[in-house]
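Notes follow the structure.
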């Protein structure tokens, strides 16, 4: 894959004198003469060292692949314009697929960021089947099977309490502003909240039960408040409370002070027409209410607002924000590529070749995305990260090809040099492409559609990067080679005129041929060969590296145990969004009481049977005894019915009595009518439900543990029950995120090992590459926790990327080490660093530059992408340039064995 210095033939030493003692004019005849001389020399006498093949070498794929690429290189060199223009035309054709971009965009948060086939989705379907809602007649917040359609105000006071006359008057004014908001539909018909509100038999549901009082009195109770013989739960609507005394047999206490108040305006959404009008009203609310809020002269009050549309709309807006950042990254990478390939000698400077390499990566993005948009693959917000990554990866392969080109012999024809470049770079860019693409395609196995879409787009586009590198960029390299020959010939024609300005510009340091017949070495190669390599292989440096790695590993493992799981929904919005402070205030003042969870029986059971009721009661008590449940706030129709039948002295164990008394009972306790599904024709209760109240669910860990424990208890119940709340749709991610991540990492790492064994001609070095994968993954996962990054569907994408990228740098160095003909392990490492140290630096830098613009993004999903990519590249480069080279010196078996027979060269005395 990589040209080794020991491969320099003695021909190059022979032409040294003729090239440097008296510089000739490099003409076609001169190059032809030198080529014939070399051919004759090599045929007549083989003076290269006699090298014994390594004892453990597997090049069954490496050799034929290299030969295949050599042939491809010859074809590209013969017809460069064909291979240059065809990818451009293909990109233009496939790029037209962007016309379908808006049609393919699917940024539904629930669809993209919750697990496919999550249990809560099935539980929701059951709840909707057994307990259909009726927003226009019998709306109940706790009985909603979805989040509902709503607008919410969160009012916080800077004073001691909202329960004062002046503060309450301002709250009522805010309530009036919302209710008086008028909207016109497409037909010009005006409507407001009153005409769209979700209703109970008594009218529009109150945004907050306290609004039933025109003046706040001192006889309020918490968390239950009774109004007109009807109890209301205030736990999720009143926050920052200070409570007074309460009765001994009740958990209710006097509500003395409250710092925060939540007003929730629920709208109807059962019918399609209601959903459409509710959507229009909420959109108008988001546009018109903020200006009204600014006009309001509020004293000591802060108001935060949110709607059921907010999270989705704010998330969709993130994509539009990141588009300008892509332009910044694109030009940064072009600038970096030009600078890193710049030479004082303009003849061998690869500035414009590097710039075209970046353009080639851009064409790959156009082609890959366009093709998938044509094929109807959904485009989600996470895919917007992909172009930043692809630019860096595409440029990485470009640097490898340029490095291989610079090691070819200058006396060879352009066709031969391109063929040699392809042969040397074939295994390298093939390994990196296969590992990266395979890692992404393995990511399609995940349960999150957002991850699947990202992996499909990125993996496919990387294939186009590979295709365009070996065609379009190779053609550009061939054309540049022809220009170099012309410029070199022109420079030598100016040899007699020592004061020629043209010569000084083109050939600042004289001839661009180095003494060994290759292009003049870059100063960075000299640094790695003369300074860094010997320093790293020093015994004391090795000891320091081992200790450094031990510290790295210890810190990483510790961090892995500190990592948090799950995505915080507020992180899906822009940092400057009105959604963020709303969520923050909600967490601060309303975290004591969590979701009110419904527990429903999924099959028909005999409730009049005493054993069945005991099983039911035991199940309920098991749930209520959980740490996250407060049994005081449970609500069960069956328990109430038992008391009712006992009060009227009826036999609850009699089926007929049990069923006949249900109707009178439900007329008195009308709310329970929504919780029992009775089939009177067959005399069966098809399903029923009751409610339990969660408490102290304030963190992602609490959400995960609560859901897991409640489901586990429900599964052990003697009767078939299901626990459900709309929030569980998002909580489901906790049950699969770790398993999905481990599965993807394990499968991809196994695939990487197979690829390494096939392409790197030494099994032990393949194991070192696999070791690097595991080490980098542990490091990235551990340091995520130090950088406040959770393990969620977004960071999972980056860990999948980590698998592919952790291979790249270590594979480069390991392969160069194995391919080296040097005698000692230290010399092999120095040679590998000399050949590939600078390309690794270039590749790492280009990838970081590709994503660095995302650090300035105001959205969590993009900043997280930058953070983890930064960790991946830094740790990957550290393994490739520091850890792996040192570790390879400890195992001399991972190399070629030599038996060199020096011979005298009569042609070069």
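Heads up, the Cβ atoms here are built off N, Cα and C, so glycines get one too.
The feature transmembrane segment is assigned by TrEMBL to 79-101 (among others). Taking Cβ pairs closer than 8 Å, the transmembrane segment (79-101) reaches residues 360, 363-364, 366-374, 376, 379, 467-468, 471-472, 474-476, 478-479 in its own chain, all 6 or more past its ends.
If you look up TrEMBL, you'll see 322-344 (among others) marked as transmembrane segment.
Residues or ranges marked as domain 'SSD' in TrEMBL: 322-479.
TrEMBL lists 351-374 (among others) with the feature transmembrane segment.
Per TrEMBL, transmembrane segment is recorded for 386-405 (among others).
Per TrEMBL, the feature transmembrane segment maps to 425-444 (among others).
Only residues 6 or more beyond the boundaries of the transmembrane segment (456-479), in the same chain, are considered here, and those with a CB under 8 A from a CB of the stretch are 69, 72-73, 76-77, 80-84, 86-88, 353, 356-357, 360-361, 363-365, 367-369, 371-372, 377, 379, 383, 386, 389-390, 393-394, 397-398, 401-402, 405, 414, 418, 421-422, 429-430, 433, 436-438, 440-441, 443-444, 801. Annotation comment: TrEMBL describes 456-479 (among others) as transmembrane segment.
The transmembrane segment annotation in TrEMBL covers 539-559 (among others).
If one looks beyond the transmembrane segment (767-787) by at least 6 residues along the same chain, the residues whose Cβ comes under 8 Å of a Cβ in the stretch are 552-553, 555-560, 562-564, 745, 749, 752-753, 756, 760, 795, 798-799, 802-803, 805-807, 810-811, 814, 867-868, 871-872, 875-876, 879-880, 883-884, 887-888, 894. Positions annotated as transmembrane segment by TrEMBL: 767-787 (among others).
Among the features that TrEMBL reports, transmembrane segment is placed at 793-818 (among others). Proximity of distant same-chain residues to the transmembrane segment (793-818), defined by a Cβ-Cβ separation under 8 Å and at least 6 residues beyond the stretch ends, is recorded for 1-2, 4, 54, 113, 382, 385, 389, 396, 400, 427-428, 431-432, 435-440, 442-443, 446, 448, 450-451, 454-455, 458, 567, 733, 737, 740-741, 744-745, 748-749, 752, 755-756, 759-762, 765-766, 768-769, 772-773, 775-777, 780-781, 784, 828-829, 831-833, 835-836, 839-840, 843-844, 847, 860-861, 864-865, 868-869, 872-873, 875-877, 879-881, 884-885, 888, 894-896.
According to TrEMBL, the feature transmembrane segment maps to 839-862 (among others). Here the transmembrane segment (839-862) has Cβ contacts under 8 Å with residues 318, 321-322, 325-326, 328-329, 332-333, 336-337, 340, 381-382, 384-385, 388-393, 395-396, 399-400, 402-403, 524, 571-576, 794, 805, 808-809, 812-813, 869-870, 873-874, 876-877, 880-881 of the same chain, all six or more residues outside its ends.
According to TrEMBL, the transmembrane segment annotation covers 868-894 (among others).
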Review point. Averaged over the domain 'SSD' (322-479), what pLDDT does the prediction give?
Key: 83
Review point. Out of 322-344, 386-405, 868-894, which stretch has the largest tally of CB pairs under 8 angstroms to the transmembrane segment (539-559)?
Key: 868-894
